[in-house]
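According to Swiss-Prot, the protein has these features:
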- 58-78: transmembrane segment (TRANSMEM)
- 83-103: transmembrane segment (TRANSMEM)
- 119-141: transmembrane segment (TRANSMEM)
- 187-207: transmembrane segment (TRANSMEM)
- 216-236: transmembrane segment (TRANSMEM)
- ASN282: N-linked glycosylation site (CARBOHYD)
- 291-311: transmembrane segment (TRANSMEM)
- 336-356: transmembrane segment (TRANSMEM)
- 360-380: transmembrane segment (TRANSMEM)
- 384-404: transmembrane segment (TRANSMEM)
- SER465: phosphoserine (MOD_RES)
- SER468: phosphoserine (MOD_RES)
- SER488: phosphoserine (MOD_RES)
- 565-585: transmembrane segment (TRANSMEM)
- 596-616: transmembrane segment (TRANSMEM)
- 655-675: transmembrane segment (TRANSMEM)
- ASN676: N-linked glycosylation site (CARBOHYD)
- 736-771: region 'Disordered' (REGION)
- 745-754: compositional bias 'Basic residues' (COMPBIAS)
- SER757: phosphoserine (MOD_RES)
- SER769: phosphoserine (MOD_RES)
Amino acid sequence: MSGFFTSLDPRRVQWGAAWYAMHSRILRTKPVESMLEGTGTTTAHGTKLAQVLTTVDLISLGVGSCVGTGMYVVSGLVAKEMAGPGVIVSFIIAAVASILSGVCYAEFGVRVPKTTGSAYTYSYVTVGEFVAFFIGWNLILEYLIGTAAGASALSSMFDSLANHTISRWMADSVGTLNGLGKGEESYPDLLALLIAVIVTIIVALGVKNSIGFNNVLNVLNLAVWVFIMIAGLFFINGKYWAEGQFLPHGWSGVLQGAATCFYAFIGFDIIATTGEEAKNPNTSIPYAITASLVICLTAYVSVSVILTLMVPYYTIDTESPLMEMFVAHGFYAAKFVVAIGSVAGLTVSLLGSLFPMPRVIYAMAGDGLLFRFLAHVSSYTETPVVACIVSGFLAALLALLVSLRDLIEMMSIGTLLAYTLVSVCVLLLRYQPESDIDGFVKFLSEEHTKKKEGILADCEKEACSPVSEGDEFSGPATNTCGAKNLPSLGDNEMLIGKSDKSTYNVNHPNYGTVDMTTGIEADESENIYLIKLKKLIGPHYYTMRIRLGLPGKMDRPTAATGHTVTICVLLLFILMFIFCSFIIFGSDYISEQSWWAILLVVLMVLLISTLVFVILQQPENPKKLPYMAPCLPFVPAFAMLVNIYLMLKLSTITWIRFAVWCFVGLLIYFGYGIWNSTLEISAREEALHQSTYQRYDVDDPFSVEEGFSYATEGESQEDWGGPTEDKGFYYQQMSDAKANGRTSSKAKSKSKHKQNSEALIANDELDYSPE
């Protein structure tokens, strides 16, 4: 027992080391270099995913995953119950909000193009392993539910065309399953099971086959859309948009409808999951995301216009609005034409949910966060066939046992969370130093920030030589660059915000003068009034930045500015969550104009604006990409606000189910993923490799130059780790080493350290290379 209590002695348990090890594991990031230029696309089984997708294929995937449910279901639902003919405005507002998240996805797709896994991979590269697993796990949930819901919706469509004979037969012959669905007549949906299995087989047969099937259905859906537009023009009536009829529920109904219409645009992230299978992802991904959102908006608005002009908004059928609007005018043949389009659109939406799900599973399994057998890629179909079969089976099981109403309620929370994290990642990456983009979470460490503060990222390259850490230097960290001498932090021009590129450009017309940037004669195109305005407000702006403690407006961010942005984004997320919660759950106090409620709202708005302003004043990373999200930091910040608001609008039962799913994911991650991660295995191999040379480490008190002696029988064993140590030796403490006249070389610079160790091994006749 004494040994047990001794092991629990806080002096013996290295709590700090244990916390640091866990902290470093959950925040470790995946190097971007491993996914660039096709690197890392080969699986453990030696098979690559086929790179066969064109820009048109990606647009077809994005449109198909969105337009089915949005055009045939959401338009009628929002028009009747929320916004009336104002559903048109609701779709436009939702489209703007979706485009904000879409441009962030597009930048990430360009930054890390050769990837599968979408937001999961992006988070793994930027935020860290734990957050990436959390996002990927919830993306699996959304695609799983979306597939099951699509199969159930198709089953309901066929049942409706058959006058509900299928559902009655199943309820009478098979029986009901009370408790699995909200309705008392919930029955095992065998037709939905069959549909899910068929689509799973199509996806598993190969990406080219599934994309071809998807394109055919999209063409069919397009033909039906054209038919609706032309046929509907003969039945429109402008009186349904008369005064007071366009916005029957006011702007509150329009905004409520916009929150629902936003879900009709969810699905464009499927484009980002196929980066590894695209022929030219750098240009295809941003173009396909933007084009698919614009096409979906056009389809939704045009259909909503025809729908609300053909029938009064309060008579719209919510289950099949486009079919019933022709029936109301006696055009029964059109019902079956629209039914064909509905089946095609819902099938494409089902395919859009099932297609990315195995690819997210494949990406996570390839990284070791899920079981690695799920990353197997078939050499025949060049698809992650095991992940396809497993995910399709789970989706079919859900479609069989759970009602459509219950499935729809769980569809959006994980996707909205993924959108929010992508916006956060864009904000963080654009303000991090170039050399630390792969692992910017290190900025959370104060010690790392102190080491890096004041050193520009590009000065870690060969053109620049930072002052050695071992040299005694009382001033701040500086650099010497052979190509370009950067101005000091005390330079007024840099603090005011002028670019050092223009200042040190030898081709500048006024190069060599005292002030190259203000020569009116040298640059006649520059406005004289703008120059005078800069001279007038420049000193005041400089003084304001100094008093506010803002950094110099340099072209290159530093570790300190990156750390500032990280903290600001974290606070921004928390404040937005509190703000949206109060707007939603405290709306009664705001509508009553309670002074404290209004004061609280104004205070939070000011705090959010201040954080955005602080982020705006930090220097951005100068790295140019083929596509970059515009108007930073406003676009990602507003996307975060919209996504958080929509997440909080979801029901309580959805959050409870979400919590249960997350708990299962945490068990998998901490029980398996964290210990079998590819990064964990690499770290173990690196530690094992370093231990091979540990005996000859020049940092050791027992250096190769001095040699070492073993303890004799007469000598005390205390200094060698105790009497139980029979073989080998343990390193003595540094204080003992110094007492014996040995000095550690840790005070030396890293470059000198490397040269000494190479020289020691080179001069030795023995071979110390690992076997």
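Count begins at 1; order follows the chain as displayed.
Heads up, the Cβ atoms here are built off N, Cα and C, so glycines get one too.
Scored on C-beta pairs under 8 angstroms, the neighbour of the transmembrane segment (336-356) with the top count among 58-78, 83-103, 119-141, 187-207, 596-616 is 58-78.
A contact between the transmembrane segment (360-380) and the transmembrane segment (119-141) is present, since 3 or more of their C-beta pairs, 6 or more residues apart, lie under 8 Å. Within the chain carrying the transmembrane segment (596-616), a Cβ under 8 angstroms from the stretch's Cβ atoms is held by residues 427, 431, 550, 564-565, 568-569, 571-572, 575-576, 578-579, 582-583, 586, 589-590, 633-634, 637, all 6 or more beyond its ends. Here the transmembrane segment (384-404) has long-range neighbours at 49, 140, 143-145, 147-149, 151-153, 155-156, 177, 180-183, 186, 188-190, 192-193, 195-197, 199-201, 203-204, 354, 357-359, 361-362, 365, 373-378, meaning same-chain residues at least 6 beyond its ends whose C-beta is under 8 angstroms from one of its own. Remote same-chain partners of the transmembrane segment (565-585), defined as residues 6 or more beyond its termini with a Cβ less than 8 Å from a stretch Cβ, comprise 420, 424, 427-428, 431-432, 440-441, 443-444, 597, 600-601, 604-605, 607-608, 611-612, 614-615, 618, 637, 640-641, 644-645, 648-649.
Note on the transmembrane segment (83-103): residues 75, 240-241, 245-249, 253-262, 264-266, 268, 286, 289-290, 293, 296-297, 300-301, 304-305, 308-309, 313, 419, 422-423, 629-630, 635-636, 638-639, 642-643 of its chain, located 6 or more positions outside it, place their CB under 8 angstroms from a CB of the stretch. With a cut-off of 8 Å on Cβ pairs spaced 6 or more residues apart, the transmembrane segment (291-311) and the transmembrane segment (119-141) reach fewer than 3 such pairs and are scored as not touching.
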